[in-house]
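Trainee: This is the structure, below, for whatever I ask next.
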Amino acid sequence: MDKVDKSLDTWREELTDEQFHVCRLGGTERPFTGAYHDSKTPGIYHCACCGEALFDSDAKYDSGSGWPSYFQPINDEVIASLDDYSHGMHRIEVKCAKCDAHLGHVFPDGPRPTGLRYCINSLSLKLVPRD
């Protein structure tokens, strides 16, 4: 996978203010406000910054958290994980492996088959519906 390397100024020009805050500065959208938190449209969720395919709607479920939740990414290579100690707690941050966009966090309280909950900001995603 070829990495996307752009300056913050370039990202700021290409993204909405809200997308820039979440994807490039690591912000979080308020729960139950994102476009995809309750979407049931079949399709593939892509990175809003670089277009990389990240999650299939078949792995999406309602976690009750207010953010889109998935039990697995399309494959392990599309997601980068790193320790996040912000806000006085330890979490695992997930980013797009291609462009380093902040997506959200992964928690060990998801459903089978993985037991994982990828809690993702809608602003980090773009849904491409299935035909």
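Yeah, the Cβs are placed from backbone N, Cα and C, and that goes for glycine too.
From Swiss-Prot, here are the annotated features:
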type	residues	note
ACT_SITE	Cys119	active site, nucleophile
BINDING	Cys47, Cys50, Cys96, Cys99	Zn(2+) binding site
DOMAIN	8-130	domain 'MsrB'
Trainee: In Å, rounded, how far does the Cα of Cys50 (Zn(2+) binding site) sit from the Cα of Cys119 (active site, nucleophile)?
Mentor: 19
Trainee: What does the structure give for the C-alpha distance between Cys96 (Zn(2+) binding site) and the residue listed as 'active site, nucleophile'? Integer Å is fine.
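Mentor: One finds 13 Å between the Cα atoms of these residues.
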Trainee: Relative to the mean position of the Cβ atoms of Cys47, Cys50, Cys96, Cys99, the recorded Zn(2+) site, which additional same-chain residues have Cβ within 8 Å?
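Mentor: Not counting the recorded site residues, we get Val4, Ala48, Cys49, Gly51, Glu52, Ala97, Lys98, Asp100, Ala101.
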Trainee: Including all protein chains shown, what's the count of other C-beta atoms within 10 A of the C-beta of Cys50 (Zn(2+) binding site)?
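Mentor: A 10 Å sphere around the Cβ of Cys50 (Zn(2+) binding site) contains 17 other Cβ atoms.
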Trainee: Can you break down the domain 'MsrB' (8-130) into helix, strand and coil residue counts using DSSP?
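Mentor: Looking at the domain 'MsrB' (8-130) with DSSP, the answer is 27 helix, 40 strand, 56 coil.
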Trainee: Which of these recorded positions has the least crowded Cβ, counting other Cβ atoms within 10 Å: Cys47, Cys96, Cys99, Cys119?
Mentor: Cys99
Trainee: Return the average pLDDT for the domain 'MsrB' (8-130) as a whole number.
Mentor: 97
